[in-house]
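Copied straight from Swiss-Prot:
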COMPBIAS  35-48  compositional bias 'Low complexity'
BINDING   63, 64, 65, 66, 67, 68, 69, 70, 71, 86  ATP binding site
MOD_RES   201  phosphoserine
COMPBIAS  340-352  compositional bias 'Low complexity'
REGION    390-419  region 'PPI'
C-alpha cells in the first residue's frame, strides 16, 4: 500500500513566463467531461459524436481542449483500436505564429518512437484542420498516482527506469524534452510509463553555440539552476535534473524545491537547498544528490545513472524495432537468453561494453537458414547483381557472413544509423525523420550453397525515395566488392529437380 502523506503533493502556480510557455506548448490544457462537444469535419462545420473521420476513425467523447485544439477519444473502425485525435484549427495556429511549432512537435514525435513514449500513429489534414492521431493512454497521469501518497521503492524504481530508458533514447536521437514532470508522464493499462508532451522539446540541429539551449522554458519546480541563469544550458543535463526531481517526488511524495513564493523557490533551486527524507536508502540519496547537482559539469550523466547500483536492480533493457512503420516490442523473459544485440554509430541506451560483447558474439551465431527450391524459385534471378525490386533488393556473395555483417555495421556507423542484430538478420535504423518516420532497413543472409549466400535487403520503415537513395549512394557502392559474379555457379544452383520445374 502506498503511504498517504498528511499534505498533498503541491505544485506552485505558474508565473507569467510559465503561463506563456504552457500556452504555446500544451495544446490540451483543460480536462472536461462534456460529451456533447464534437470535432469539426472537413465536410461540414460540425461532426456529431459517432461520426466517421476520413473513413477510418469513429469519433467518441471529448477528452480535453485548449486555445487551438480539441482532443477526442476515437476508435479505428478497421482494427478496433482506441486512439486520441488532436484536432487543430489551421487558421488559429497560423495567425498565432505557431505553425512551425506544430510541425516541429510532429517531426520530433516521428523521431522518438519508443515503447515508453506516447506513439504518434498518423497525421492527416484538410484545408482547415490538422488531425494528429496518437496512442490513447488509459492510465492517466503519474501525477495522480503520486498525489495519493509516495510510492513503494520497487514501484518508483521501475517507473524511473522506464523514464531514463526513454530519455536516453531521446538524447541518442538528438532530442531534448525540456519539460519533464509528473504531469507529462502517463501510465498505460499495463502500468508502464509513457512520456508525453514534446511541445517544448528541441532537437540538436536547432541549437546554436555548440549545442547550447537559450530558451527559458519548462515548469518552475522542475527547472535546472542553469536554466534560471538565462546564460545558456545543455538540454541533456537540464533533462537529467528534471528526472532527479521526478525521482525525488516518486519516493518522497512531495517536491524537493517548493515554496509559495516563486522567487524563494528559485533561490532554493539555484543553491540546491533540499534534504532527502529519512526513509531514502543511502544509495538512493546519493543518486538523487548526484542528479540534483547544481553544477551541470559534475552532474551525473545518463550512462552513469544506468550503471548506478540503485538503478540497476531488476533493470532490463527494453528491446524493440520498427517494422512497416510500426513499433514492435521484443519481450524476453530471460535476460540470459538474449538473442538480439545492439550497436550504433551514435550514442544509445546500450553501453560501450554491451556493444563490444554483442559484436564478439557474431562468430558464435547459429548457422543461417538454407534456401530450398521454392525459395530459389521465388528469388527468380540470382545473377549476382544488386537486383532491385520495389522495396527490396538482393545479391549473391561468396564473402564470409561475418564480413558482410561487419561491413553493414561499418556503413551504419558512417551514416549514424543504429544496428540491431538477431542471428543472421541485421536491422539498420536511421535517426532522420522522413514523411513516414525514420528509414528502417532489414538485411537477411541465407545460405545458398556451402560457399555462397544470398543477401536480401528490404525496406521496413520510412519512405521509398529515402530508401532508394540510401541503397544507391551508401549500400550498393560499399557492398559491390562483396557481390559474387560467377554466373555458372549460380546457374548450377538454379537447376531444380524435375518435379519442382513441372
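Glycine is no exception: its Cβ is also placed from the backbone N, Cα and C atoms.
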Using C-alpha atoms only, work out the spacing between residue 65 (ATP binding site) and residue 201 (phosphoserine) and round it to an integer in Å.
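Answer for this pair: 21 Å between alpha carbons.
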In Å, rounded, how far does the Cα of residue 71 (ATP binding site) sit from the Cα of residue 201 (phosphoserine)?
20
Let me spell it out: for each of the recorded positions (67, 201), count the other Cβ atoms within 10 Å of that residue's Cβ, using every protein chain shown. Which one has the most?
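Most Cβ neighbours within 10 Å: 201.
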For residue 69 (ATP binding site), list the number of other Cβ atoms lying within 10 Å of its Cβ atom.
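Other Cβ atoms found within 10 Å: 23.
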Just going by other Cβ atoms within 10 Å, which of the binding-site residues 63, 71 has the emptiest spot?
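With the binding-site residues 63, 71, fewest surrounding Cβ atoms within 10 Å: 63.
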In whole Å, how far does the CA atom of residue 69 (ATP binding site) lie from that of residue 201 (phosphoserine)?
19
Work out how many Å separate residue 63 (ATP binding site) and the residue listed as 'phosphoserine' at their Cα atoms, rounded off.
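Their Cα atoms are separated by 23 Å.
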If you measure residue 201 (phosphoserine) to residue 67 (ATP binding site) at Cα, how many Å is it?
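Between the Cα atoms of residue 201 (phosphoserine) and residue 67 (ATP binding site), the distance comes to 20 Å.
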